[in-house]
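Accompanying notes for the structure given below.
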Amino acid sequence: MSRQPDSDPPDRDGQGFNTFRRRFLAGVATAGGAVVTAHATGAWGGQTLQDAMGSLLQDHYQRMTKDEIHAALERIERNARRRYGVDARCEDLPPLPNTVFGYALNISKCKGYRDCVEACVKENNLGRDSQMQYIRVLQMPDGTMDLEKAEHYYDAKQVPVPGHWYLPVQCMQCDNPPCVKACPTKATWKEPDGIVVVDYDWCIGCRYCMTACPYWARHFNWTEPQIPAAEFNPNLNYLGNRPRPKGVVEKCHFCSQRARKGRQPACQEACPTGARVFGNLLDPKSEIRWVLENKNVFRLKEDLGTEPKFWYFSDDRVSRA
Amino acid sequence: MNLVRFGLDGLRAMASGGAAYWRWLGALAAVVAAGLFAYAGQLQQGMVVTGMSDQVSWGFYIANFAFLVGIAAAAVLLVIPAYLFHRGDVKQVVIFGEALAVAAVVAAMLFVTVDIGRPERIWHMLPVVGRFNWPLSMLAWDVVVLVGYLLLNLGLPAYVLHARWRGEEPVTARYFPVVIVAIFWAVSIHTVTAFLFSANAGRPLWHSALLAPRFIASAFASGPALIIVALLALRRWGGLAVKQTVIDLLAVVMTVALQISLFFVGVELFTDFYNETTHAASMRYLFFGLAGAGKLQPWIWTALALNVVAVVILSIHPLRRTPRLLVLACGLVFLGIWIEKGMGLVVPGYIPTPLGEIFEYAPTWREWLVSAGIWACGALVFTLLAKAALAIETGRARARPAADLKAS
Ligand code: SF4
Ligand code: SF4
């Protein structure tokens with residue numbers, strides 16, 4: 001519990017309902033909670049009735065009180081223990097002050113090894129059966145930027161394939177994100193540090209945001225995500241890598257559980273060629289600022305006006321004198 | 001008191017009918033039950049049981065939704081002549097058009113509901129209690145216009161029927177403002193539904209200003225097709241006196257709308273293929289296949305063939321005036337537009353994906369069954385509403401004067 005919301009959420013809509021909700025939850029908790037806990041672990045999707053009701057009636061993240069967030073975090077930890085036998089610690093990490101995260105990627109260094117993809121899957125507890133991946137590395141024939149010529153399912157053991165270059169794509173954390181505009185329930189939004197997050201307990205799974213995203217960066221849990229207990233990453237962030245339920249959308253969040261603690265994202269650390277540069281765009285001394293100021297950078301589909309905070313650059317001068 | 005008895009009379013009318021009526025209801029109920037069974041499986045196992053994927057994230061359900069919104073909007077084609085131009089013949093049947101709109105909106109809403117990953121959280125979309133992203137999200141707009149349209153189409157006929165039930169004529173001054181609102185509202189529901197798609201700059205197939213006009217034109221073709229068939233059925237089995245002039249009027253509207261709709265299709269084909277850019281990839285996939293993939297081709301060519309045959313029948317006056325051929329044309333238009341606007345528009349918008357991947361989609365048996373259940377549900381709603389309206393319109397259900405009541 002690191003975030004300290006104001007004692008009461010600023011949004012005062014739905015007060016009457018909120019009171020009802022809290023009373024009801026308190027009622028479920030006291031009304032023989034122990035009995036239900038003992039018997040009902042099998043039902044309610046492996047949760048206690050109380051926990052199931054808790055997440056069902058949970059408010060939007062931005063409207064929850066300190067206590068409610070605390071209860072939600074404990075619920076997540078309890079469920080992790082019950083399901084995976086892991087002692088996880090779930091935090092609610094706030095955005096860092098004076099920070100807006102940005103990413104840059106050197107396409108002349110990327111060789112398509114996909115180590116970033118694997119590191120991301122493990123770090124963020126992605127469903128293994130569903131083979132969900134936040135990062136997609138495209139193998140492109142030299143001399144084209146046409147995405148329709150890209151190979152999505154190449155063999156990472158054969159790389160680099162002569163005559164090809166590699167283009168990793170993940171959520172661009174757009175500054176003007178069409179996915180956020182599209183969501184009918186405000187279940188997804190842009191945080192002050194520029195990371196576009198999803199409240200997994202608020203998303204209704206309509207998938208309109210996936211339709212709106214021009215980078216194919218959002219992914220849906222078509223079934224219950226399966227994570228091997230041995231590979232479970234127990235360092236969780238509420239709006240980040242905590243286990244997600246089925247039927248909701250999720251996406252890359254620049255490893256908020258790391259970035260907001262001053263660490264590098266898993267994909268950056270895993271890259272064997274050092275193609276990835278991540279940092280604070282507001283810090284003039286950061287490496288990413290150096291790249292943006294000294295390299296020829298470009299962004300994908302810039303013409304759509306989404307203002308990605310993800311840049312590509314190469315070591316070669318574009319215009320040789 | 002009065003309103004309660006009005007409602008009870010309506011219910012009584014719904015629950016009384018001959019053997020054929022009950023067989024029809026029973027058949028519909030059986031299909032609804034099958035749909036529920038299929039949906040239960042989807043709830044339990046997740047939406048993995050559908051043919052959808054991250055690549056094609058909306059499929060058969062949303063395709064049906066988009067089509068049904070058009071059907072609902074087309075009720076306005078009876079409302080305008082009846083209330084605005086005071087055509088007596090249309091006024092007689094306008095209530096059945098409105099009942100059809102109610103049924104279509106209900107079915108459309110059900111299609112959205114079954115397409116949602118966490119239906120138990122649907123309250124998150126409510127204003128105040130949930131967090132409604134209005135006016136930013138086009139999906140939120142769609143909820144607003146659909147709910148509003150449902151209320152208008154329940155309220156307006158209820159008022160008119162209530163007056164008839166009491167043996168009075170409805171007062172024009174009272175309902176006229178509502179009629180005007182309803183007319184604009186009808187156009188808005190389908191425009192907003194088109195905006196739902198055309199708002200996505202990252203999906204070139206949909207990102208066109210022509211999409212909303214195309215939606216309206218095709219709705220004004222498929223809607224009358226269904227209304228004509230429904231009215232003819234009511235004339236045959238419900239004893240409703242439908243004047244031939246009403247059918248003729250609807251047939252002409254359908255003809256012109258279909259001609260315009262096909263013209264729009266041609267316009268898009270020309271723009272995409274005369275100087276083909278990568279933006280035309282979805283179109284190419286849809287009509288000719290792309291990189292060896294082309295599952296949608298049979299759908300779209302069938303749709304085109306159906307629509308072309310229909311437009312020929314409809315445009316030749318003697319053919320259109322032959323009752324059997326007219327019904328046949330209605331069936332062709334209905335099916336043709338259903339494919340064109342559903343599988344022919346929603347699905348190819350996702351192929352190729354924004355990252356250029358070609359990943360095909362086909363509905364699974366479960367999607368077919370759930371969808372059939374929802375269509376049956378819509379038919380059920382229409383049947384029941386029409387049955388009640390029929391009883392009141394034909395004078396079988398009437399408020400009894402107070403004196404009468406005391407005597408009995
Ligand atoms: S890349 Fe897609 S998911 Fe990420 S912020 Fe932009 S629109 Fe949203
Ligand atoms: S799937 Fe979830 S996050 Fe995406 S638009 Fe729908 S409710 Fe919002």
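Each residue, glycine too, has its Cβ placed from N, Cα and C.
Since the structure is predicted, the reported quantities are computational estimates derived from the model, not experimental observations.
Residues or ranges marked as transmembrane segment in TrEMBL: B:21-40 (among others). If one looks beyond the transmembrane segment (B:21-40) by at least 6 residues along the same chain, the residues whose Cβ comes under 8 Å of a Cβ in the stretch are 114, 365-366, 369-377, 379-380, 383, 387.
For B:60-86 (among others), the entry in TrEMBL reads transmembrane segment.
Residues or ranges marked as transmembrane segment in TrEMBL: B:93-114 (among others). With a threshold of 8 Å between CB atoms, the same-chain residues lying at least 6 positions outside the transmembrane segment (B:93-114) that come near it are 39, 42, 61-62, 64-65, 68-69, 71-75, 77-79, 82-83, 122, 146, 149-150, 153-154, 156-157, 160-161, 186, 189, 226-227, 230-231, 234, 240, 242, 246, 370-371, 374-375, 377-379, 381-382, 385-386, 389, 393.
Look at TrEMBL and you will find B:134-154 (among others) tagged as transmembrane segment.
Residues 65-66, 69-70, 72-76, 79-80, 83-84, 101, 105, 138-139, 141-142, 145-146, 148-149, 152-153, 155-156, 159-160, 206-209, 211-212, 214-216, 219, 345-346, 349 of the same chain, all 6+ positions outside the transmembrane segment (B:175-199), place their C-beta atoms under 8 angstroms from a C-beta of that stretch. Per TrEMBL, transmembrane segment is recorded for B:175-199 (among others).
The transmembrane segment feature in TrEMBL is assigned to B:211-234 (among others).
The transmembrane segment annotation in TrEMBL covers B:246-267 (among others). Sequence-distant contacts of the transmembrane segment (B:246-267) (same chain, six or more residues past either end, CB-CB distance under 8 Å): 77-78, 81, 89-90, 92-93, 210, 213-214, 217-221, 224-225, 227-228, 231-232, 304, 307-308, 310-311, 314-315, 320-321, 326, 329-330, 333, 337, 340.
The transmembrane segment annotation in TrEMBL covers B:299-319 (among others).
Residues 56, 58-60, 62-64, 66-67, 70, 197, 205-206, 215, 218-219, 221-222, 224-226, 228-229, 232, 247, 251, 254, 258, 261, 265, 282-283, 285-286, 296, 299-300, 302-307, 309-310, 313-314, 320, 361 of the same chain sit 6 or more residues outside the transmembrane segment (B:326-348) yet have a Cβ under 8 Å from a Cβ within it. The transmembrane segment annotation in TrEMBL covers B:326-348 (among others).
Sequence-remote contacts of a segment are chain residues at least 6 beyond its ends whose Cβ falls under 8 Å from one of its Cβ atoms, and for the transmembrane segment (B:368-390) they are 9-11, 13-14, 17, 21, 24-25, 28-29, 31-39, 42, 60-61, 64, 68, 95-96, 99-100, 102-104, 106-107, 110-111, 114, 157, 161, 230, 234, 238-240, 397. What TrEMBL lists as transmembrane segment is B:368-390 (among others).
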- line: If you count CB pairs under 8 A between the transmembrane segment (B:60-86) and each of B:134-154, B:211-234, B:299-319, the winner is B:211-234
- request: Determine which residues of the chain contact the transmembrane segment (B:134-154) at the Cβ level, with the cut-off under 8 Å and only residues 6 or more beyond its ends counted.
  value: 69, 72, 75, 98, 101-102, 105-106, 108-109, 125, 127, 178, 181-182, 185-186, 188-189, 192-193, 195-196, 199
Statement: Same-chain residues at least 6 beyond the ends of the transmembrane segment (B:299-319) with a Cβ under 8 Å from one of its Cβ atoms are 251, 254-255, 258-259, 261-262, 265, 286-287, 325-326, 328-329, 332-333, 335-337, 339-340, 343-344
